[in-house]
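Before any comments, here is the structure.
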Amino acid sequence: MPSIPIFKGSNVVGRSNLVAVDKRVSRKHLSLRALPDGSLEVVVEGPNPIVVRSEGQRRKVCAQQRAKIMHDDVLELIPGEYFMKYVNMSDERKSSTSVESHDLKKGKRHSEEDSVVAKRNRQVMEDEALARTSQGNDESFAEESTSVTEVVSSLDSAGSSERNKERTHSVGPLKDVLPLTFRLMRVQGLPSWTNTSTVTIPDVIQGEVLLAVLSNYMVDMDWLLTACPSLRKVPHVLVLHGEDGASLERLKKTKPANWILHKPPLPISFGTHHSKAMLLVYPQGIRVVVHTANLIHVDWNNKSQGLWTQDFPWKKANDTSTNIGFENDLVDYLRALKWPEFRVNLPVAGDVNINAAFFRKFDYSSSTVRLIGSVPGYHVGPNMKKWGHMKLRSVLEECVFEKQFCKSPLIYQFSSLGSLDEKWMSEFACSLSAGKADDGSQLGIGKPLIVWPTVEDVRCSIEGYAAGSCIPSPQKNVEKDFLRKYWSRWKADHVGRCRAMPHIKTFTRYNGQNIAWFLLTSSNLSKAAWGALQKNNTQLMIRSYELGVLFLPKTLQSVPQFSCTDKSRSNLDKLALGKNIKTKLVTLCWKGDEEKDPSAEVVRLPVPYQVPPQLYGPEDVPWSWDRRYTKKDVYGSVWPRHG
């Protein structure tokens, strides 16, 4: 369990604070109240008892009973499980690194907001990230404030001092333009510096949403409506999902009455609806979001994830243009989903049918990325280049890159590995190596590396071995001899995410800290996701739905940024209007001179792993989820947990 700050007034601890779902722990399991003497009053709100361990004694506390706990006392949320230690931070302020002065200021502000008492624990980390981005200057928080207490788990959530030395702060919104880059998602229980400029689901779904299309694989409706209560106010919601069986039945029972569920057709066996995206329609326009997280608690709180978003205005009445690549890619992809068309009345558009063509009503001319989608089918002729790795190949073939990227290496980073062979790996590398250098020559085939967690990475992660259930690759896929030369470490010290296992999927071509192009996607490394060429390369067979955004070096005209929710925000405001601006993609660790070429805008992508990646050492073993691991993880568990 991550650290949980405790403020004045009532504080709730429950199921949302756990790494794994355990229904024995109620949503409102305990309430905690800080007392003037530095102790906490604990009230058991749920039906199950807890245990208080104090001065060597264990005492059971049953439903509705109260107990008082002191500094260093331990709570067992379920007798024998989910241990939490109470630490009075005012006693440990000088030695503690987990609460800094700006955290305290934020705590004070929250303690004065009585209306959000019940939600405070769940939202405090989200609010801190939001506060940092709105302030943009850490020094503005350096004021004296009231003391804050904290319940912490037995884990050292702050990470090692060695890692903190190497850290690099994330991109800041005052300098970087959001649509030109992407954001990492907030991870609970990490030091505050790691969550600078990260995003949470309420950061994205905000304002007066008239219509929401939520695309995902797994959807936990209870969590979604708790994490983002504003969704209940949205009059029209379409959920495109990949659930079936008991999970689908639960989804049907827990959804609001006005929500529509649709599982896109899967004509080829072993396919999934895996795309993770949101389309949010506002009176001002549309917000397009492409990300990597399932709509479940662990994905938005415990894992390394990525999210891109951009807002677009409604088209003017006389605008009938359809030559924008982003628009055509989006509408083609949406058309393949075949959801049942429905009619709604929107204040800005009147009575409209909500189908794929509806999304042509927005002006995507300022789009900063290309969409790379996959839809199931046997694609031939012109359609072969519309999807999967052949779509990526066709987009890259039209691009011109700097000469430094000739023969430069590739990185494949993902969270599930399909059953692959060397022939397909060559086919895939050929697509990802497409493109020309600025002297007209082909870039040439790049040597790929695979960034993949080791068994030790999973064992020592925030979730322990439980994190491995979301890296679902069997031994038979992982332990193929030809893959050995590709394995590289998940090292994320610079963003503080070594222990936050990756669910993010990224593919890139790089030279040092310079990036030729970068893809953030739902696609894992599999034929099902990317497609495989058949019939003498005349047909591309894809099993699943996927969606990603491709960042490319672009030439932009600096124009004000459009926002559906913030009238005052402007994009590229430090650049002179009317000039052509070239973007240059780099990692957070790039140390070049931004002033050297004033006509170039340096875009720092928060690539969450070390570049160049470090190859596996002789002791490193790639994680596979169907092996037995008897060395205990950070929670004292082995894998698998049962049987």
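Including glycine, each Cβ sits where the backbone N, Cα and C put it.
According to TrEMBL, the compositional bias 'Basic and acidic residues' annotation covers 91-117.
Look at TrEMBL and you will find 143-154 tagged as compositional bias 'Low complexity'.
The Cβ neighbour count for HIS274 (active site, nucleophile), using a 10 Å radius and every protein chain shown, is 26. What TrEMBL records for HIS274 is active site, nucleophile.
Per TrEMBL, the feature substrate binding site maps to LYS276, LYS505.
Residues within less than 8 Å, Cβ to Cβ, of HIS503 (active site, proton donor/acceptor) and separated from it by at least 6 positions along the same chain comprise THR292, ALA293, ASN294, ASP299, LYS303, SER304, GLN305, SER415, CYS470. Annotation source TrEMBL lists active site, proton donor/acceptor at HIS503.
According to TrEMBL, the site 'Interaction with DNA' annotation covers SER526.
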Quiz item: So for LYS505 (substrate binding site), how many other CB atoms are inside 10 Å of its CB?
Solution: 25
Exercise. Rank the recorded positions LYS276, SER526 by the number of other Cβ atoms within 10 Å of each Cβ, and give the residue at the low end.
Key: SER526
